[in-house]
């Protein structure tokens, strides 16, 4: 009997264990049922009844499931967490890295209560975190929900928990975290990459075991709490990219400093100086204080004691004084970036000691003087040297040739002289050599071409002599070659055609002769451009007018404040605008042909090669001030991306090819001072450009010059000359005949004048009566849509002319505007917005214009209004609604615009009911509208002087002309209103709900990246057919949040407008279109593309895939 009882109990135990294992297997199979895709066969073994042998499953000694790890399995479908609730022994759950495995955040409360560790990072988790979900799991210590699409707030979630590690980085969570209470057990807290606001929680000082604190990329404000310095074991402190103020707490250099390895406070508004107490941080490897307002000198003691530091990032501050010699003590220092400060004095002679680890030395945009120390060659690992915009003088030390690892040597705008050292040819890894704007002379050493990996060579504005060496043809990776403004002579070597990666060629202002090589436009594109120019920050400084030669220049702009350009003497004399900055142009890696070609200010002769028309992405072509002959090739009309075309001051003949009408991106053309003839093509943009750009061609006619019909034909002129040369009749007969004619003419003229005077007087009386009636109705307000403010003095001004920018409206008066709108009646009202009401006016000749009546403001005066009008009136582009004129009378301000017959995109897309209007816009039409609106906004950002931030980009400000071409409207309005009214809050000028970027709610500081966000919302409207705000559709969120949530859930197709046919190539285009739109509406401005990049992406949307070699 004693033996039977244990056997019976054992049998019962085995039976219950087996039953429990079967329950675990059933739970896992229920979970598997919701997984629709398993491309890697992760769950293929989940078939036999024993779950402990299944992949990703770990069991205890009793055969119960304790761990489920399906990380990076490529699973797709839905993670049904409720199915796992029966796994009551499950301690660890890892579903990370399954981006298409969607998890409802609300299900986080349905997991087994025994859970210790939870990792759902990099997955499809979306929604709000349930209140108190951590309290459901008393043993839970480690939670990682990073890089998902979580929303909602954090406060209260960490209460009553034993959490040791909590990571919700890279989500869309928000709310004020100032008052959140944190558990004393906390060791790792990562809230980075969200939208949290408020101050850094003071409760952090109670987390004595905290080792990692990452609050970067949020909207936190206030000072860094002094109490953080009391956390003895803190290893990582990252509060970068917030709005923090105050100084770096000196307390960080006390208790916390003993273990601190990473200190990041960059991209805030931190002030004060670098505390000397940081000299105690012997373990510090990364010190990042960049992009703040830190001032004072670099404490010598700090650099002398940070022997473990590897990265010293102090750029973009106001740090002054000289660079301490003690930097040589930082034996482990790999990256030293002190860009954009006020560091002065000479570089320490012992900056580099033998065996130093230094790889990057960046000191651009400072006040460093003296010579370059030859001892830099001791830093044998140096890859990057950047000393741009300083006061260095003397020659480049030939000892730099010993730096065999050197990849970038950038020293533009200094006072360097001497020659380019031939020893640099030993730097076989050299990719970038930028020495422009110095006093370097001599020829280009042939040894330099041993550096066959060169990608960017810029020697512009020096005193280089000799010829352009044919050895440049060896450089198959050469993408940028700038040799402008030197004394180079001879011919352009045809071997440049072998530079199969060449994108940017600027040889302007030299003494070059001969013809333009035909191979230049024909031999490009045979080498893939992968990796070329990667890591470079580019800026194109474009010259305006003729104060400086050439179109402009491409600069390496990393670590340089844009305003510093204004202080560069050689640039200060130029009228310039910074046209483009950012990463390498995306089109380069796709098409592999020249984008920029400037050969102006030379002595080139011969004809313009037809082959230049094969450069499909060419944006700038400047051949001005040469001795070119022949005709402008019609093939250049194939350059659909061409923005600048200048062939002025040559000897060209013939006409302007009609193919130029297709150049929709053209914003500047100058063909003046040639021998061209014929009519200027009236299609496209050529007729809208200034007449001065066609001057000096006596044979040219048509808008914007005199109409061709106004010129007498040659035969007529010959006939008049012949008549003038015939013999006169006898004198007496002529006198008798003339007397009779004169008498008749005088009598007729007198009668005609009397009749005309009577008619004019009668017409004036009728007009006066009509004007008085109109004025009365305007002031009564009974027939009008608005309230008018006209004093008695303005009654006499109803005949005032409208100041116009178009010839056909030269004689338009205010009275005619009243008549054309029936007294600005409600029937003529076609729209209203934040800046005023818009009326349709039908003029006497049947043409229509749109009239915007600005809101009444406390105007500062007429000068500001007229100055803004003159600026806006000169802005002309195919994709902008042109301002035709303006009228000022009393307190009224009227703007006259070209009328857009198809109304706004908002009306066309949404109609009156909030859904797509009928007939629905096709996908091709939507793409066309997106491209046009992008070009218009891009023009405002980069081509207008001064640049214009729209501030209210939305679908109602995208108008459609008769050809359904998009025109951006209301540009410049926010700036005009703010210039006229001193009492208008900036917040009222910052956009329309649904289009306003999140950063505007924090600072109200409008930027071009804010416009990009608003444009991204317009793209989402085109894609979804939905308005940006609709409580029925989106509840408490908006279109942007709704689309992000759907895409995060893997349901991106559900957001597409039902009116669109999604199939074939269109489906792929829509996916790319959505990806581009989501880039535009990224919460972080720095992650959004600029409009130049958006235009390029839209252009590539329709581009055929690049041809492959056979």
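Every residue, even glycine, has its Cβ placed from backbone N, Cα and C.
The N-linked glycosylation site feature in Swiss-Prot is assigned to 94, 139, 149, 214, 269, 305, 378, 450, 485, 498, 627, 662 (among others); the stated evidence is sequence analysis. Annotation comment: Swiss-Prot describes 137-161 as repeat 'LRR 3', evidence class sequence analysis. Residues or ranges marked as repeat 'LRR 4' in Swiss-Prot: 163-183. Residues or ranges marked as repeat 'LRR 10' by Swiss-Prot: 306-330. As annotated by Swiss-Prot, repeat 'LRR 16' applies to 453-474. Under the heading repeat 'LRR 17', Swiss-Prot lists 475-499, citing sequence analysis as support. Per Swiss-Prot, signal peptide is recorded for 1-20.
Closest in space to residue 378 (N-linked glycosylation site), of the glycosylation sites given as 139, 214, 662, is 214, taking the CA atom of each residue. Among the glycosylation sites 214, 305, 450, 627, the residue whose Cα lies closest in space to that of residue 662 (N-linked glycosylation site) is 627. The repeat 'LRR 4' (163-183): residue composition by secondary structure is 0 helix, 6 strand, 15 coil, according to DSSP.
Each of the glycosylation sites 94, 149, 485, 498, 662 was assessed for Cβ neighbours inside 10 Å, and the highest tally belongs to 485.
Within the chain, the repeat 'LRR 17' (475-499) has long-range Cβ neighbours (under 8 A, six or more residues past its boundaries) at 431, 436, 449, 452-469, 505-517, 519-520, 522-524, 527, 529, 532-533, 549-550, 553-554, 588, 598-599, 604.
In the predicted structure, the repeat 'LRR 3' (137-161) carries a mean pLDDT of 82. Residue 485 (N-linked glycosylation site) sits 24 Å from residue 498 (N-linked glycosylation site), taking the C-alpha atoms as the reference points. Around the Cβ of residue 305 (N-linked glycosylation site), the number of neighbouring Cβ atoms within 10 Å comes to 20. In this structure, of the glycosylation sites 214, 450, 627, the smallest number of CB atoms within 10 A of the CB marks 627.
In terms of DSSP secondary structure, the repeat 'LRR 17' (475-499) contains 5 helix, 6 strand, 14 coil.
Summarised by DSSP class, the composition of the repeat 'LRR 16' (453-474) is 5 helix, 6 strand, 11 coil.
The two recorded residues, residue 450 (N-linked glycosylation site) and residue 94 (N-linked glycosylation site), have Cα atoms 53 Å apart.
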